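Asks: In case it helps, Swiss-Prot gives these features for our protein:
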{"type": "ACT_SITE", "residues": "Glu28", "note": "active site, proton donor"}
{"type": "BINDING", "residues": "Lys89, Val109, Ser141, Ala142, Asp143", "note": "substrate binding site"}
{"type": "BINDING", "residues": "Asp139", "note": "Mn(2+) binding site"}
{"type": "ACT_SITE", "residues": "Lys160", "note": "active site, nucleophile"}
Amino acid sequence: MSERLLRPRATSTVFEALERGAALVALESSVLAQGLEPPYNREAARRMTEAVTAVGAIPVITAISRGTPTLGLDDEDLERFLQRDGVRKVSARDLGIAMADGADGATTVAATLALCALGGLEVFATGGIGGVHRDAPFDESADLIELSRTPVIVVCAGAKSILDLPATLERLETLGVPVVGCGTDELPGFFSLSTGLRLTSRLDRPEQIARAWRAHRALGRESAMLVVQPPPADVAIPADIVDAATRAALQAASLAGIRGAAVTPYLLAQIQQRTEGRSVSANLALLEANARLAGQIAVALVEGTP
């Protein structure tokens, strides 16, 4: 017996925008509830939503709000997520359980992709995707498999720097996920400008990316398209500094027995400490830049630029 697919709840602004075919950009909530500590999470929410709005698109923060898959958080709901108390980290596999429990769930990249597919959103901005973990190739983020089967444009600064970036890029190729550089010929290093990992595709204008996406979909491709751009140069951190901080953070996590979903927030906090806060400045700036580019792509899609 087949079940009718659920339609996420949307705020009135998002619902009206969907009805008229306006440009929308999905934003994950996990970076706000687990990735960045207060007050930085509040600043991230403001900068990302303002960046999307400034280019003529509508920001849509995704979440499970008291058990309901939600597109767009009103002020009261957003404040609850920014306070972080009792908010779960929810990946795609956890969505149904969070709904059954009536829980507040902050959506990861994988879960946000799933909600985008249900809600009809084609563009999503985040900081960095998950991938293959260093020294543990069996530990692979659910983001990768979700990217392989969910047709959404994902704008990011590459995979998080704590990961095995060469292995992650190889997995994306195996899974049939196109990776397109915007303003770069290399995979960015999240906090760093480059990694030395060459990309096979580069498109520097939102209109070009929109055309490539339409062609991708016209061919019946069901995967996401990953659009990667480096962090702003004025806040980027040299790769050797990031690598040293990451290795020290991984060692600290191992000694502390950190496991599972707690690993990434722990490592990012350790890197923040070891870079004397530079990683937070870079994270905020790249989140804003990615939101802006995603908004420009969403507008280009709606305008149907030839």
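Cβ coordinates are placed from backbone N, Cα and C, and glycine is handled just like the others.
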Asks: For the substrate site (Lys89, Val109, Ser141, Ala142, Asp143), what does the 8 A shell look like? I mean other same-chain residues with CB within 8 A of the CB centroid.
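Replies: Along the chain, the qualifying residues are Ser91, Ala92, Thr108, Ala110, Ala111, Ile129, Gly130, Glu146.
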Asks: Name the one residue among Glu28, Asp139, Lys160 whose Cα is closest in three-dimensional space to that of Val109 (substrate binding site); these are the recorded positions.
Replies: Glu28
Asks: Provide the three-state secondary structure of Ser141 (substrate binding site) computed with DSSP.
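Replies: In the DSSP reduction, Ser141 (substrate binding site) maps to coil.
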Asks: If you measure every Cα to Cα distance among Lys89, Val109, Ser141, Ala142, Asp143, the residues said to bind substrate, what is the biggest one in Å?
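Replies: Between the most distant Cα atoms of the substrate site, 14 Å.
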Asks: What is the separation, in Å, between the Cα atoms of Lys89 (substrate binding site) and Lys160 (active site, nucleophile)?
Replies: 17
Asks: Using a 10 Å radius around each Cβ and all protein chains in view, which of these recorded positions has the most neighbours: Lys89, Lys160?
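Replies: Of the recorded positions Lys89, Lys160, the most buried by Cβ count within 10 Å is Lys160.
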Asks: Return the residue, from the listed binding-site residues Val109, Ala142, with the maximum count of other C-beta atoms within 10 angstroms of its C-beta.
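Replies: Within the set of binding-site residues, the most crowded position is Val109.
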Asks: Neighbour count, 10 Å Cβ-Cβ cut-off, for Asp143 (substrate binding site): what number do you get?
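Replies: Total other Cβ atoms inside 10 Å, all chains included: 27.
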Asks: Could you round the CA separation between Lys160 (active site, nucleophile) and Asp139 (Mn(2+) binding site) to a whole angstrom and send it over?
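Replies: For Lys160 (active site, nucleophile) versus Asp139 (Mn(2+) binding site), the Cα atoms are 14 Å apart.
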Asks: Which chain-mates of Ser141 (substrate binding site) that are at least 6 residues away have a CB under 8 A from its CB, listed by sequence?
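Replies: Those within reach of Ser141 (substrate binding site), by Cβ under 8 Å and sequence separation of 6 or more, are Val109, Ala110, Ile129, Gly130, Gly131, Val132, His133, Leu163.
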Asks: Using a 10 Å cut-off on Cβ-Cβ distances across all protein chains shown, tell me which of the recorded positions (Glu28, Asp139) has the largest neighbour count.
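Replies: That would be Glu28, with the highest Cβ count within 10 Å.
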Asks: How many whole Å apart are the CA atoms of Asp143 (substrate binding site) and Glu28 (active site, proton donor)?
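Replies: Distance between the two Cα atoms comes out at 12 Å.
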Asks: Under a three-state reading of DSSP, tell me whether the residue listed as 'active site, nucleophile' is helix, strand or coil.
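Replies: SS state of the residue listed as 'active site, nucleophile' = coil.
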Asks: Going by DSSP, give the three-state secondary structure for Glu28 (active site, proton donor).
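Replies: It is coil.
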